[in-house]
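What follows is a set of notes on a single structure, which appears directly below.
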Amino acid sequence: MLLLPLPLLLFFLCSRAEAGEIIGGTECKPHSRPYMAYLEIVTSNGPSKSCGGFLIRRNFVLTAVHCAGRSITVTLGAHNITEKEDTWQKLEVIKQFRHPKYNTSTLHHDIMLLKLKEKASLTLAVGTLPFPSQFNFVPPGRMCRVAGWGRTGVLKPGSDTLQEVKLRLMDPQACSHFRYFDHNLQLCVGNPRKTKSAFKGDSGGPLLCAGVAQGIVSYGRLDAKPPAVFTRISHYRPWINKILQAN
């Protein structure tokens, strides 16, 4: 199987494409996911792309490192990204903390912290999301949710409105076709018997399990068939804490 680096995933999402779409999901109730962040990214080559992310502190957003770029603007409080509302807060990213061990071949350590130029104002439409402790190892079989503005089908454009889908955490064996899948660093998400998945455009968004962000959308198959691979947040809690404490 051909696996593509995550930057391409944002345009292909899942064989190894960056996961960026919600396939088989439904539209979220407006502003029911106040932690969601929409990232507009200018790449080093000039073209722009988009990713998801989520607010963990008033001045920090957590996302995937394959969403890094020359510059990033974060929109909080959005539901329809084409219709500006009073709830919107557009904030500039002043520093991108990319995980130092990120590997574009294995796609391990696909996690990044974004420091915002200004602190977000917490409102009914903008809020923070809890993330797990280092030793919180979420078990297979758990039903979780992922949200994003990504494609709703392999050949379809990105969604204007925030979409959400329920996905099951799978045993590591379900992701054995991904050559570099590592259960200690990553989560295998999505029942292969179902059509529901995250796809291009959802990259960087959170996997929410019992109210806690356990994973970050990373990559999957080019045809968007589940399961997909998510970064396991609990493994990176010490790294996250170190950056938050120093900034």
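Each residue, glycine too, has its Cβ placed from N, Cα and C.
Since this is a predicted model, take the numbers as computed values, not measurements.
In Swiss-Prot, Cys144 is paired through a disulphide bond with Cys209, chosen from Cys175, Cys188, Cys209. Straight-line distance linking the Cα atoms of Cys209 (disulfide bond) and Cys188 (disulfide bond), rounded to a whole number, equals 14 Å. Within the set of active-site residues His66, Asp110, Ser203, the entry lying nearest in space to Cys144 (disulfide bond) is Ser203 (CA atoms). Across the structure, Cys188 (disulfide bond) and Asp110 (active site, charge relay system) place their CA atoms 14 angstrom apart. Each residue contributes its Cα atom, and for Asp110 (active site, charge relay system) and Ser203 (active site, charge relay system) those atoms are 10 Å apart.
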